[in-house]
Each structure stands twice: as structure tokens, then as C-alpha cells.
Amino acid sequence: MEPCDLLIHSATQLVTCAGPPGLRRGPAMRELGVIRDGAVAIRGSTIVAVGPGTDVRRRFRASHEIDARGRAVCPGLVDCHTHIVYAGDRVEEFEQRCAGATYQEIMAAGGGILRTMRLTRAATTTELVHAALPRLRQMLSFGTTTAEVKTGYGLERDAELRQLAAIALLDAAQPIELVPTFLAAHAVPPEFTGRADDYIDLVVESMLPLARDWYAVSSFAARAIPLFVDVFCERGAFDVAQSRRVLDAARSLGLPRKAHVDEFVELGGLAMALELGATSVDHLDVTGPSAFTALAASSTVAVLLPLVSLNLGLSHFAAARAMIDAGVAVALSTDANPGSAPSLSLPLTMAIACRYLRMLPAETLIATTVNAAYAIGRGGHVGALMPGMQADLLILAADDYRWLMYELGGMPVAQVIKRGQVVVTNE
């Protein structure tokens with residue numbers, strides 16, 4: 001018999017999400033590779049075998065075993081769009097929205113992103129780390145084992161670089177594997193009011209090269225984890241021409257690209273982002289069906305963020321059903337942030353996607369594992385249970401994976417395993 005460090009066996013459902021390399025589209029988003037009475041063998045941080053329990057247990061002798069009888073086991077979840085490094089909160093603005101104020105009205109009055117900017121600029125790197133750690137612990141308890149984290153609340157050189165430094169420290173301080181994104185073009189800072197082009201000059205000519213230089217000597221680069229560059233292409237933020245400058249500069253620096261597009265208004269940012277080879281385009285709440293063919297023909301992931309529409313009390317959600325049926329590779333994420341989506345729960349995101357985006361439970365799982373991993377450059381490493389992949393798994397407090405989406409606001413995760421180690425036990 002071969003030795004292994006951990007053997008999880010007797011799973012009522014072993015949901016592998018296994019399949020050929022690459023994004024899942026259309027019917028493939030419903031193929032979960034479920035094994036009844038399944039087992040997973042782990043050596044170090046890597047999966048070495050997946051299959052029927054009798055086969056795997058006959059082959060491996062384990063230092064430690066977990067009996068998953070009566071449980072479903074699935075890949076760790078991937079949250080591919082978050083803004084969790086910031087100072088302060090927006091509790092008062094929440095009440096303003098309850099009284100009828102819109103997101104755009106609050107932002108125009110100096111709130112929203114700009115309020116968080118002021119508090120984040122005043123915070124030290126250590127303070128940002130201490131503020132974000134409890135958020136990451138909560139994400140982990142909900143089953144997130146890999147997460148993208150953006151800057152974008154500094155909106156000036158030093159504060160944006162402090163956010164990058166905080167992300168690196170957070171990556172080393174807790175189990176969730178982080179992927180950094182530089183989002184200096186998140187909003188026009190107040191000192192550049194009426195001069196958005198001048199701010200883009202600063203981002204392109206100074207901030208992006210500094211971010212690239214920071215990344216080159218970072219622990220992320222040493223592990224081949226990418227640094228993405230993102231831009232908020234939206235009315236009241238940056239127009240298509242300004243957004244193009246940011247993404248074009250990122251391409252020139254050899255950095256992969258993302259874009260917030262079509263959240264409130266279709267400006268043409270989606271076509272621009274596809275032209276520039278964006279890894280993902282995020283939000284797409286008002287994207288019309290005429291764009292789906294080009295999106296489906298691309299290698300770009302459509303990252304949908306339904307908690308934003310829910311939290312803002314909007315009547316429309318991204319057209320996920322039509323996108324999937326058209327062959328678009330769809331991912332889901334929390335968009336965890338202090339204003340438009342103050343939630344850290346991917347299971348809640350999946351539950352809302354089933355109810356309001358007309359996605360099937362299996363599709364939401366692929367959208368938060370395989371496709372989400374590709375949306376942040378981690379496809380083939382995390383997001384599925386296959387030999388050679390990182391041993392990131394969830395043992396659910398139920399015998400059916402659909403409890404992840406069925407229960408609204410619950411805690412369906414019994415144990416979280418990251419890189420072969422049990423890091424959370426919720427029971």
C-alpha cells in the first residue's frame with residue numbers, strides 16, 4: 001500500500017468538479033463528477049487519488065483518516081472578486097439607502113468609495129491587516145479557500161501600495177490563498193475632481209509601474225500567482241477611453257487585466273475589455289444579449305455579483321441564464337465590500353444566484369470553483385478534486401451538495417481543508 005497523510009473516505013457524495021482543462025460552458029457547467037461512497041487521498045498539500053472508497057482505501061495507508069459518512073465533500077470555494085482590505089464601515093450609508101438614497105447619490109455626496117478612501121488613507125498597513133483578518137476568518141468558515149483581493153480604496157500612490165503590502169501580509173497570516181489585484185482606477189479621488197484624465201495619467205505613468213515593481217519582488221511572483229490590474233468603467237467613474245488607457249498600460253507591463261463593466265450603464269467597456277484580452281469582466285448587470293456571442297467566443301470569464309443587486313434593492317440582475325445558454329463561461333463572486341455588498345458568504349451568493357439569476361445548483365458550484373479559479377489565474381491548481389491539484393476541500397454538514405444553495409444564510413460547512421490541513425471545524 002502507498003502512504004498518504006490524509007484519507008477522507010465514505011463520502012455520501014464526493015463532488016469532484018473534475019473534467020478536462022479549461023473553462024466550463026453550457027451543459028458542462030452542470031457536470032459535477034459525483035462519486036457515491038467516494039474517497040480522496042492527500043499527500044502533503046496535494047491530492048494523489050480520487051475515486052470510489054473501496055478502490056482508494058485498498059491502495060492507500062493514511063496517517064490520518066476522516067470518515068465522511070453522511071456528508072457531501074466538494075472543492076474549496078473560490079471568491080474571485082473581493083474588496084476586503086479597507087478601514088471603517090458604511091453603516092450610516094446603509095440606513096440612508098433604506099430611506100431611499102441611491103448608490104450613485106451617496107457617492108456624489110462624498111460617501112461610498114470616497115468615504116472608505118478617506119478612512120483607508122488614514123490607516124497604517126498594520127491597521128489594514130488587523131481590520132481584514134476577521135473578514136478572512138469569516139470567509140474561511142463559509143468555505144472560501146482561495147480569494148482575489150483588490151486595492152482601490154487608497155486612490156493615491158502610497159495608500160494603494162499600502163493596500164498591496166497588506167494583501168501580501170494577509171496572504172501569509174492565514175489559510176486562504178490570496179490573489180492580488182491593483183485597482184487604483186476605482187474612482188476619481190476628490191483632489192482630481194473634474195480632472196479624471198489627469199488622474200489616469202498618474203495611474204498609468206506612475207502607479208502601475210510601481211505596482212509592477214512591487215510585484216516582481218513579492219512572494220506572489222515567487223509562486224507564479226499573478227497580479228491583476230482592474231478598472232471601474234462606469235458613468236461617474238471612468239469612461240471607455242480612460243479605461244482603455246489603464247488596461248493597455250497593464251498589457252504593456254505584462255500584467256493580466258480585469259474590468260468592472262456594465263454595472264449600471266452599458267458604456268462599451270465590455271467590447272474594449274475583450275479586445276484587450278481581459279481575463280474577466282465583472283458585474284454585467286445590464287449587459288444585453290447582443291454582447292453574449294462575442295463573450296462566449298472569448299476566453300474571458302463573466303464574473304457575476306448578485307449580492308450587489310440584492311443589497312442595493314435593484315430590480316434587475318445579470319442575465320446569467322441567457323449567458324450560460326449562449327456558451328458564456330460564468331463565475332460567481334461575493335464582491336465583498338463595505339458598501340454595495342457587505343457579505344463574505346459564497347453560499348449565500350450561490351443561493352441568490354439560484355433564485356434570482358435562474359442558475360441551477362450545479363452551475364453555481366462550477367461558477368464558484370472551476371470557472372472562478374480560471375478568473376483569477378488559478379485554474380488547474382484549485383477548484384476541482386483531481387490528482388495533482390491542491391488539496392482544498394469542504395466537508396459539508398449535509399449529505400447533498402445542494403444544501404450549499406438551498407439554505408439561505410446558513411452555515412452548511414462542517415470542515416474546511418486547505419493544502420491538506422484541517423483549518424476550520426464548525427461543529
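Note that Cβ sites are derived from N, Cα and C of the backbone, with glycine treated the same way.
According to Swiss-Prot, the feature Zn(2+) binding site maps to His81, His83, His260, Asp335, an assignment based on sequence analysis. Annotation comment: Swiss-Prot describes His81, His83, His260, Asp335 as Fe(3+) binding site, evidence class sequence analysis. Taken from Swiss-Prot, the feature 4-imidazolone-5-propanoate binding site covers Arg90, Tyr153, His186, Glu263, Ser340. Marked as N-formimidoyl-L-glutamate binding site by Swiss-Prot: Tyr153, Asn337, Gly339.
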**OP:** Whole-number Å only: compute the distance from the Cα of Gly339 (N-formimidoyl-L-glutamate binding site) to the Cα of Arg90 (4-imidazolone-5-propanoate binding site).
**Re:** 6
Original post:
If you measure from the Cα of Arg90 (4-imidazolone-5-propanoate binding site), which of the binding-site residues His81, His83, His260, Asp335, Asn337 is the nearest?
Top reply: Asn337
Subject >> Listed in sequence order, residues with CB under 8 A of Tyr153 (4-imidazolone-5-propanoate binding site) and six or more positions away >> reply: His83, Val85, Tyr86, Ala87, Ile113, Thr116, Met117, Thr120, Ala159, Gln163, His186
**OP:** Only counting partners 6 or more residues apart, tell me which same-chain residues put their Cβ under 8 Å from the Cβ of Asn337 (N-formimidoyl-L-glutamate binding site).
**Re:** Thr82, His83, Ile84, Tyr86
Original post:
Given Asp335 (Zn(2+) binding site) and Glu263 (4-imidazolone-5-propanoate binding site), what distance in Å do their CA atoms have, once rounded to a whole number?
Top reply: 12
**OP:** Select the most exposed residue of His81, His83, where exposure means the fewest other Cβ atoms within 10 Å, treating these as the binding-site residues.
**Re:** His83
**OP:** Tally every other Cβ atom lying within 10 Å of the Cβ atom of Gly339 (N-formimidoyl-L-glutamate binding site).
**Re:** 24
**OP:** Express the distance between the Cα positions of Ser340 (4-imidazolone-5-propanoate binding site) and His81 (Zn(2+) binding site) as a whole number of Å.
**Re:** 13
Original post:
Given His81 (Zn(2+) binding site) and Glu263 (4-imidazolone-5-propanoate binding site), what distance in Å do their CA atoms have, once rounded to a whole number?
Top reply: 14
Subject >> Shell of the Zn(2+) site beyond His81, His83, His260, Asp335, same chain only (C-beta within 8 angstroms of their C-beta centre) >> reply: Thr82, Lys150, Asp282, His283, Leu305, Ser333, Ala336, Asn337, Ala341
Original post:
Quick one, of the binding-site residues His186, His260, which Cβ has the fewest other Cβ within 10 Å?
Top reply: His186
